[in-house]
């Protein structure tokens, strides 16, 4: 005797594997009874009005993903549904816009068809955006200075800790030369790279030396002074002043000294942990007075010329900013009164990025001001205090890193596949024979609730039926096919009554720990958007899961407080996602969890050519061999061991070919290669495998350069 089928009016009746044996037509309800749609959620109702993708436009996608809010003036959606980059910001002409998908295709297509053959994931840098950010910051301060009658200038520095990539730092020095733009270092290697890069910079550019210092750091900074760099040693601890005094005398260098003040003004957000009286860095008022005394006693008080402070990154409002700057300006004025030859006030970092486009002053993800408001607040706060104290207006320096480099870099990665969801069916029929009496009762109650349009009761009994069957399966009295049928029924009931699709998991070709470490470590959220197909309506609610064997390797929080991301159903081609505003910190913080290395990197300039861009630099990501070396393994020795093993157990000829394939894996990136063919072909005699040389050489092109191929990979 079979159990009557529960009939539902739904579309796309395609049963999954395993159901066919349990769908019996003998005793079905005579008439299909639809679930009531009265409980359909508002979001689902909105979706239903646009269910036809022909009604969807790029403008709909731009609104859905808030691109105009967080992306303006650098990112937009074109008529083809692709993300475009506006390299010169609001000054970008229409023919200068760069189609991001075209860049990705050029980079990832094989060399045989004119591409670069680089593997995903990919970082795309736009130096033109970097230049525009630098110029916009400078322009904002120049405008505020002129408007308010401020009697000095703005002269910024870039903190290299935000992104120490050589090309990024060199570009900032080059673009900042007309503005005397300098660099800030917080460690000895950062100081070395700053000195090297500033060799081509403006002689007046500041070289700010922050961070905790030992004798070697201070000696290096004093040598930089001897090399005619405009170097300032900023004291973070009281003990550092004695080292500076002693070493400068030994080296016969007259230093320029700054000190970092520990302000009372406190930034209450996540990024404000270094602010306030109990902050990690800086000198209290008592420390400052003792430093002044030590310098006066050493006849070096005139060397004290800069005051530095840092409220914290992502300052949310200009009110907090003005409060901190005003307090610092008071200290600056007092140092002038005490006899220091003060010239510069360094307001540190803190110029924020609007990651979610909300323009909110109550979130770590947003700020309630723009560049102009920021600059105006700083200039006004310093001017008011200095005028009141009759102190000459100082040079204003800021250490804005996040605001300069965040926009210029985009992380591109592929969605490889997605988890399956229960299919919709016109009828689901559960077999009577294997179910317990209680489970059969639940099933009849579901059917009765459907007839009465009682959605709440229907959901209750569907859940109860599922739990009973799970227990039966654990006890061994229910087969996996029956359990799958019950799961399908539960998902179908939930989907129709709640009116929403279940959230699916998209596997992405990425390591979150390597490329988006701030999401994992501090919950920092970045805009993530498909870079194409934006002329189509996304039909899937998704979270992202990376390649690592770690439960934390997922992204399940998105801008706007959303727990899922609208995405398109996987098609025949590759599906690319972009993470934006990640140009600061992510590359420097990333590690090698699961031995996934950093992405490939390309630099793209706006060009007047047919595609509006030119790729000026390309670097494949680290190979498996590269990341193994990071953890003290020696790939060459590893290969020799495996080659010997292959010959020992597979024979000399077959072992040699197999070893060649192993060598290929050493040369390639650790990430997945979508659509790549298998390089091993089965032999009928003995079950051995041999290397498909055509695949081997094709694969090698995407890994190491030809001169890096191991000559010892063939026996």
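Heads up, the Cβ atoms here are built off N, Cα and C, so glycines get one too.
Those TrEMBL annotations? Automatic predictions, nothing curated.
Pulled from TrEMBL:
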type: ACT_SITE; residues: 549; note: active site, proton donor
type: DOMAIN; residues: 151-406; note: domain 'Orn/DAP/Arg decarboxylase 2 N-terminal'
type: MOD_RES; residues: 161; note: N6-(pyridoxal phosphate)lysine
**Report entry** Other C-beta atoms that fall within 10 angstroms of the C-beta of residue 549 (active site, proton donor)
**Finding:** 8
Query raised in the report: the residue listed as 'active site, proton donor' to residue 161 (N6-(pyridoxal phosphate)lysine): how many Å between their Cα atoms?
Result: 29
Query raised in the report: So how many other Cβ atoms are close to residue 161 (N6-(pyridoxal phosphate)lysine), meaning within 10 Å of its Cβ?
Result: 20
